[in-house]
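A.B. asks: Below are the structure tokens for one structure; questions will follow.
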Amino acid sequence: MVILLGPLLLVFMLGLGLAPLSLAKDEDRYTHFLTQHYDAKPKGRDGRYCESIMKQRGLTRPCKEVNTFIHGTRNDIKAICNDKNGEPYNNFRRSKSPFQITTCKHKGGSNRPPCGYRATAGFRTIAVACENGLPVHFDESFIITSQ
């Protein structure tokens, strides 16, 4: 019996050791999500805004075709991952309330910098993928405009 418990204990201890690694990975994915899609207080919401922020965030090597920035608080965005401001939507969570957003679309041409972008500002509900209560992926294809 003692011999059987040894390997079980080892597996249990390894599992405990891997849990922090998994949480750290989720934090990294959340940080990446924020870098790509979060801008609390945009300075203007036109083409120059898009060209500037896309370059600052490292999204122009190569020029990213489409990227949306969410303007709100981190807590409001995180709340989509629970029932406070989110609801299930396929494999994602859809926000119950609209967010102010800016979508930057590449004007075309070369995918090498300098990248030109068109900005579309608006309010809409958004869909995100969540892991351990944190948003880790923004669904660019989900578009429902608010009334």
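Cβ atoms are placed via backbone N, Cα and C, with glycine included.
Quick paste of what Swiss-Prot says about this protein:
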SIGNAL    1-24  signal peptide
ACT_SITE  His37  active site, proton acceptor
BINDING   Arg45, Asp46, Cys104, Ile126  tRNA binding site
DISULFID  Cys50-Cys104  disulfide bond
MOTIF     55-59  motif 'Nucleolar localization signal'
DISULFID  Cys63-Cys115  disulfide bond
DISULFID  Cys81-Cys130  disulfide bond
ACT_SITE  His137  active site, proton donor
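Could you give the neighbours, burial and distances for every feature on this list?
C.D. replies: Here His37 (active site, proton acceptor) comes close to Asn67, Thr68, Phe69, Ile70, Phe138: these same-chain residues lie at least six apart in sequence, with C-beta atoms under 8 angstroms from its C-beta.
Its Cβ placed at the centre, Arg45 (tRNA binding site) has 21 other Cβ atoms within 10 Å. Mapped onto three states, the DSSP output places Arg45 (tRNA binding site) in coil.
Cys50 (disulfide bond) falls within a helix when secondary structure is assigned with DSSP. A 10 Å cutoff on Cβ-Cβ distances gives Cys50 (disulfide bond) a total of 27 other Cβ atoms nearby, all chains included.
Mean pLDDT of the predicted structure over the motif 'Nucleolar localization signal' (55-59): 97.
Around the Cβ of Cys115 (disulfide bond), a 10 Å sphere holds 22 further Cβ atoms from the protein chains shown.
In sequence order, Arg93, Val128, Cys130, Gly133, Leu134, Pro135 are the residues near Cys81 (disulfide bond), counting only same-chain partners six or more apart with C-beta under 8 A.
Under DSSP, His137 (active site, proton donor) is assigned to a strand (E or B) in the three-state scheme. With a cut-off of 8 Å between CB atoms and residues at least 6 apart in sequence, the same chain places Arg29, Phe33, Val128, Ala129 near His137 (active site, proton donor), listed in sequence order.
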A.B. asks: Please name which of the binding-site residues listed here, Arg45, Asp46, Cys104, is nearest in space to Cys63 (disulfide bond), Cα against Cα.
C.D. replies: Cys104
A.B. asks: By a 10 A CB contact count over all chains shown, which of the binding-site residues listed here is most packed: Cys104, Ile126?
C.D. replies: Ile126
A.B. asks: May I ask for the residues of the chain that lie six or more residues beyond the motif 'Nucleolar localization signal' (55-59) and have a Cβ under 8 Å from a Cβ within it?
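C.D. replies: Those are 35-36, 67, 113, 115, in sequence order.
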